[in-house]
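Enquirer: Pasting the relevant annotations from Swiss-Prot:
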type     : residues : note
DOMAIN   : 2-116    : domain 'Response regulatory 1'
MOD_RES  : ASP51    : 4-aspartylphosphate
DNA_BIND : 124-223  : DNA-binding region
DOMAIN   : 384-519  : domain 'Response regulatory 2'
DOMAIN   : 527-643  : domain 'Response regulatory 3'
Amino acid sequence: MKILLVEDDDVLIKVLTKNLTTHHYIVDVVKDGEMGWTYGSTFEYDLIILDIMLPNLDGISLCKRFRAQGYTVPILLLTAQDNITAKVQGLDAGADDYVVKPFDPIELIARIRALLRRGSNNPFPLLTWGDLLLNPSTCEVTYNGCPLNLTTMEYDLLELLLRNCQHVFSSEELLDKLWSSEDFPSEATVRSHVRRLRHKLVAAGAPHDFIATMHGRGYYLKAPSTEEVNNLSVTPENNSHSAAVIVKSRETESDRPQHLIPSDSQQQYLAFLNETWTRTKPQSLDQMGILLQIVRDLQTNQLTPQQQTQAQHVAHKLAGTLGIFGLTKTMHIARQLEYWLGGRERLQPKHAPLMKTLVTALQQDIDHTTLIQLSQIPAGQSPLLLMISADNEFNQSIVAVAASRGIRIQIAPTPDIAPAMLTNEPVLDGFGEDPDVILMRLPSMPSRAEVIEQPNSELSNIWKTLQTFAERYPKLPIVVIGDRGEMSDRLEAMRRGGKLFLVTPTPPEQIVDTVVNLLRDPEIPNKVMILDDDQDWLRTLPTLLKPWGFKVTTLADPQQFWTVLQAVTPDALVLDVNMPQINGFELCQLLRSDPHWQRLPVLFLSVLTDPTTQNQAFAVGGDDYLCKPVKGVELANRILRRLQRVRAWAN
């Protein structure tokens with residue numbers, strides 16, 4: 001499969017090309033938007049990867065140009081801009097997906113595979129044809145269970161044929177699909193690779209014409225025999241090729257751990273990163289000279305708009321580069337610089353102290369990083385602990401233990417976080433993702449008499465911070481740890497949104513074990529089905545209920561109620577009262593007449609406020625009744641209350 005990469009960051013180009021070629025993709029690289037248009041409109045590609053900030057023509061404009069000219073090739077945007085506006089702008093321009101730097105190489109490759117499957121005749125994760133099975137995730141190929149040892153080009157050729165199993169490929173098409181635009185092999189080279197691939201397939205037991213030749217046209221996969229197709233399925237009714245593929249795909253993938261890199265491959269990738277960092281570090285330090293000059297010019301009020309724009313591009317590139325190497329903390333500093341430099345207003349001398357602090361911290365972090373550690377490589381599915389603490393000694397003890405448990409940590413200084421969240425400033429953008437659990441370290445608390453005499457502003461701020469995080473992450477467990485275990489402290493922590501309260505001195509191992517136990521018992525998302533004929537209102541519900549972790553299914557047609565109900569098997573049901581053809585009361589009675597659904601919580605939601613209607617709702621088997629308009633938090637709490645009662649009854 002052939003990919004066009006349009007990116008101007010040399011380090012990112014090197015790392016991305018390494019990952020893509022390892023997974024058997026052919027990559028063409030250009031460094032500006034206009035060249036991206038030239039290549040993309042001249043050669044045929046299976047996927048285009050674009051950075052948003054490009055010289056000559058930005059990625060958004062380039063994406064729009066491709067779509068305006070009728071090009072339907074999948075486009076993946078790759079950028080450091082982690083905000084909703086940028087994502088919406090990119091997707092509206094015609095992009096098919098959006099990945100934020102720093103990215104997990106495994107996730108990026110998985111997204112690429114998903115995009116390529118959409119345009120393929122074979123949309124399944126595993127590619128099969130008769131007794132042949134190719135797993136794009138692991139690049140493994142077997143025939144009738146026997147592994148095939150293929151060269152890179154043989155693998156690429158076989159994958160192309162499998163993804164386009166109904167197509168006859170001419171030699172010219174294969175040359176265009178399988179070789180870079182800079183290579184010019186002959187048709188004899190194609191015939192040689194086909195011949196060697198056929199030989200290996202026949203040696204594994206495949207028919208001689210497994211890869212068939214249509215004279216004058218090209219090469220194609222011959223349809224497998226009926227016996228081969230039936231052998232793929234584990235049940236008599238799954239005799240179709242599509243069903244067989246699904247069955248085999250599920251069986252094979254269920255036995256294989258997901259999103260894991262073999263240790264030897266990971267070590268090779270780590271060695272590659274360190275080798276690349278050795279060459280990149282001096283270049284990054286050289287770029288710091290531009291940022292240091294910005295600080296000096298800012299102090300003397302001599303900064304020009306052109307200099308500020310240039311510095312923003314430097315910070316943007318540094319953020320992307322540092323993210324590639326897993327230097328998350330350093331990347332966050334670069335992102336903050338990019339944010340301030342890219343503001344709508346020109347920087348003033350009053351901003352000089354802030355800029356000097358950020359630039360100095362960035363320079364020191366880059367200078368002190370001599371070796372990329374394994375733990376710095378993007379960790380994929382490993383859980384993220386957000387620790388809100390200003391106690392450096394405590395932080396270091398937790399970091400050491402958490403690393404041994406496979407937990408990633410982000411440390412947030414308490415005074416900076418709550419105000420930023422309350423004013424919607426982008427300080428939290430640097431975290432890149434929502435945490436899985438929050439650990440909050442309370443400051444040293446004075447005695448009650450001292451508090452009465454002189455209120456502790458730091459303690460007041462920490463309680464506000466706790467409440468702020470609890471409101472933003474209502475389903476997220478927050479662990480509070482303090483020096484005192486008095487009832488007043490525990491009560492305040494629970495009122496503000498804390499879930500667990502620990503008292504120092506608690507060993508770091510015990511604290512991390514507490515976090516691990518919270519992670520081991522994640523709540524299964526509650527499935528909620530909502531039936532209402534107001535489609536505009538229905539469209540708002542998934543967003544309204546998202547903070548509570550509900551998996552929402554909406555339905556506007558009462559005639560489809562029973563079919564959707566059985567398919568979704570919800571944990572709770574919300575019904576409108578007045579609907580065309582069948583009203584909510586009738587649907588509730590229908591539900592209660594089936595033993596399987598007699599205990600399903602049913603909430604009625606209606607504009608009708610009269611007591612007669614409400615009494616009728618409870619008479620037909622409803623559990624609750626809400627009047628429109630209703631706020632998302634009220635609806636969510638009513639649903640949660642019904643679910644808690646059902647589960648308490650079941651226990």
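Cβ atoms are placed via backbone N, Cα and C, with glycine included.
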Enquirer: Just how many other Cβ atoms lie inside 10 Å of the Cβ on ASP51 (4-aspartylphosphate)?
Expert: 25
Enquirer: Give me the mean pLDDT over the domain 'Response regulatory 1' (2-116), rounded to a whole number.
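Expert: The average pLDDT of the model in the domain 'Response regulatory 1' (2-116) works out to 85.
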Enquirer: Within the domain 'Response regulatory 3' (527-643), how many residues are helix, strand or coil going by DSSP?
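Expert: The domain 'Response regulatory 3' (527-643) comes out at 58 helix, 24 strand, 35 coil.
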Enquirer: Need the DSSP three-state call for ASP51 (4-aspartylphosphate) to compare against my parser.
Expert: strand
Enquirer: Using DSSP, tally how many residues of the DNA-binding region (124-223) sit in helix, strand and coil.
Expert: 37 helix, 22 strand, 41 coil
